[in-house]
Amino acid sequence: MSLAVVILAAGKGTRMKSALPKVLHAVAGKPMVQHVVDAAASLEPANTVIVYGHGGEQVKASVTGEQVAWAEQAEQLGTGHAVAQAMPYVKEDMVLVLYGDVPLIRPETLKDFVATVDDSTLALMTLTLDDPNGYGRIVRDGQNNVQRIVEQKDASEAELSIQEINTGILACSRRFLEESLPKLSSNNAQGEYYLTDLIAMASQSGLNVQTLQPNEGWEVDGVNDRVQLARLERIYQQAQAETLMRDGVTLLDPSRLDIRGRVQIASDVIIDVNVILEGDVTIEEGVVIGPNCILRDANIGAGTVIEANTLIDGAIVGEHCQLGPYARLRPGTELADKAKIGNFVETKKSYIGEGSKVNHLTYIGDSKIGKGVNVGAGTITCNYDGANKFQTVLKDGAFIGSNSSLVAPVTIGVNATVGAGSTITKDVGDNGLAVARTQQRNVANWQRPKKG
């Protein structure tokens with residue numbers, strides 16, 4: 001059977017107290033609705049329809065995915081009305097309904113769920129709670145068959161005691177939806193068209209209503225305010241941390257790691273507290289990451305040590321490198337094996353060769369540095385003239401003395417030396433020495449100025 005996924009994302013989210021549409025608030029650095037789109041994509045649906053309303057243009061601009069169609073719900077008249085807006089875009093045999101503010105539903109749960117659906121079966125995802133307050137209840141008959149769902153505001157005292165609740169997620173045939181959605185009524189406490197009323201229709205028409213519960217209750221938790229958003233963020237991060245630890249990664253405090261992207265981390269990696277991993281991050285075996293580091297779209301080679309408070313953004317780091325503390329690697333930086341970038345060093349769009357050292361207080365931009373180069377403290381590559389960027393080349397074995405300025409474009413040759421305090425504006429040949437500083441003048445018996 002072909003599958004269409006309908007994602008309801010039209011709500012304003014008044015309790016978020018935000019100009020941003022609710023479904024665009026992020027969990028792990030990604031909009032909630034994008035989490036749902038990505039989970040749905042694991043099912044390889046023929047079609048995904050997102051029902052939008054409040055802030056629709058923002059939502060459309062923020063979501064990525066293949067074969068996504070958009071249906072507008074101009075008036076917020078309930079979940080049944082929302083699904084009805086999607087139906088003109090649905091031609092597939094089966095329809096799965098998901099919610100843009102329920103971001104942690106797992107692909108494996110969805111796969112098990114849709115596997116229960118056929119022309120004669122409607123699947124309903126439920127959950128049993130100790131405290132079901134606020135949720136619609138699942139009403140069953142004496143043979144344990146699902147009869148209907150009753151919303152809390154419409155429930156009797158007996159129905160309020162039921163602990164099995166509706167999560168809102170359901171799947172059924174397109175034909176059933178096309179036949180049943182026009183029959184929904186808004187004659188209820190909310191004055192809305194409830195999607196949940198379809199369950200009674202299905203039961204009365206002889207459809208088998210099959211229920212399934214997720215392995216983890218938080219998979220179906222929704223977000224209505226920032227407190228709930230923060231709670232799901234912590235749940236997500238804890239789940240990611242536990243997966244890493246089971247895969248052989250040491251986390252010195254699992255509650256103080258944030259993953260905001262797609263990470264691949266090998267075994268025997270050690271990660272200290274308050275580390276943030278964003279975007280696409282690959283970390284090979286034996287890497288040690290100190291506290292308060294941020295890695296964004298970075299590849300880190302085996303055995304590398306990253307000291308505290310280091311930012312690595314869009315960089316490739318080789319094996320057995322040493323970084324930090326307080327280093328900043330900006331996009332386009334590539335370090336060969338055994339390179340060292342020390343404290344208060346910034347690099348950008350530069351290659352640093354094998355075994356080269358840039359240990360202290362230095363800016364390396366638009367540069368190509370060979371093997372075994374030593375760059376002294378306070379060195380600046382002057383790469384920008386206010387309009388254009390130029391390259392600095394330091395060839396193998398070059399030695400740059402402290403407090404030097406290298407005015408690009410400039411090349412320092414193989415095994416060449418630049419004396420400390422120099423401003424270099426011309427190329428230096430292989431094995432040469434360049435010293436470019438004013439002559440020292442000493443004044444004997446100098447009297448300092450006095451105040452007043």
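Quick reminder: no glycine exception, Cβ is built from N, Cα and C everywhere.
The Cβ of His360 (active site, proton acceptor) has 15 other Cβ atoms within 10 Å, all protein chains considered. The annotation active site, proton acceptor is assigned in Swiss-Prot to His360.
According to Swiss-Prot, the feature UDP-N-acetyl-alpha-D-glucosamine binding site maps to 8-11, Lys22, Gln73, 78-79, 99-101, Gly136, Glu151, Asn166, Asn224, Arg330, Lys348, Tyr363, Asn374. For Asn224 (Mg(2+) binding site), the same-chain residues lying six or more positions away in sequence with a CB closer than 8 A to its CB are Gly13, Arg15, Met16, Lys22, Asp101. Reduced to three states, the DSSP call for Asn224 (Mg(2+) binding site) is coil.
What Swiss-Prot lists as Mg(2+) binding site is Asp101, Asn224, and the listing cites sequence analysis.
Less than 8 angstroms from the CB of Ala377 (acetyl-CoA binding site) sit Asn359, His360, Leu361, Thr362, Ser402, Asn403, each of them six or more residues away in the same chain. Annotation comment: Swiss-Prot describes Ala377, Asn383, Tyr384, Ser402, Ala420, Arg437 as acetyl-CoA binding site.
Per Swiss-Prot, the feature region 'Pyrophosphorylase' maps to 1-226; the stated evidence is sequence analysis.
Annotated region 'Linker' per Swiss-Prot: 227-247, in sequence order. Residues of the same chain lying 6 or more positions beyond the ends of the region 'Linker' (227-247) and with a Cβ under 8 Å from any Cβ of it are 16, 25, 27-28, 103-104, 218, 221, 254-255, 257-259, 263, 265, 267.
Summarising the annotation, Swiss-Prot assigns region 'N-acetyltransferase' to 248-452 and lists sequence analysis as the type of evidence.
Each residue contributes its Cα atom, and for Gly100 (UDP-N-acetyl-alpha-D-glucosamine binding site) and Tyr384 (acetyl-CoA binding site) these two points are 46 Å apart. Neighbours of Asn383 (acetyl-CoA binding site) among the binding-site residues Leu8, Gly11, Gly78, Glu151, Arg330, defined as a Cα within 10 Å of its Cα, are absent: none qualifies. In the predicted model, the region 'Linker' (227-247) has a mean pLDDT of 98. The Cα of Leu8 (UDP-N-acetyl-alpha-D-glucosamine binding site) lies closest to that of Tyr384, out of the binding-site residues Tyr384, Ala420, Arg437. Straight-line distance linking the Cα atoms of Ala420 (acetyl-CoA binding site) and Gly11 (UDP-N-acetyl-alpha-D-glucosamine binding site), rounded to a whole number, equals 64 Å. Within the group of binding-site residues (Asn374, Asn383, Ser402), the Cβ with the highest number of other Cβ atoms inside 10 Å belongs to Asn383.
Listed binding-site residues: Arg330, Arg437. The one with the lowest count of other Cβ atoms within 10 Å of its Cβ is Arg437. Annotated pair Gly78 (UDP-N-acetyl-alpha-D-glucosamine binding site) and Tyr384 (acetyl-CoA binding site), C-alpha to C-alpha distance, rounded: 58 Å.
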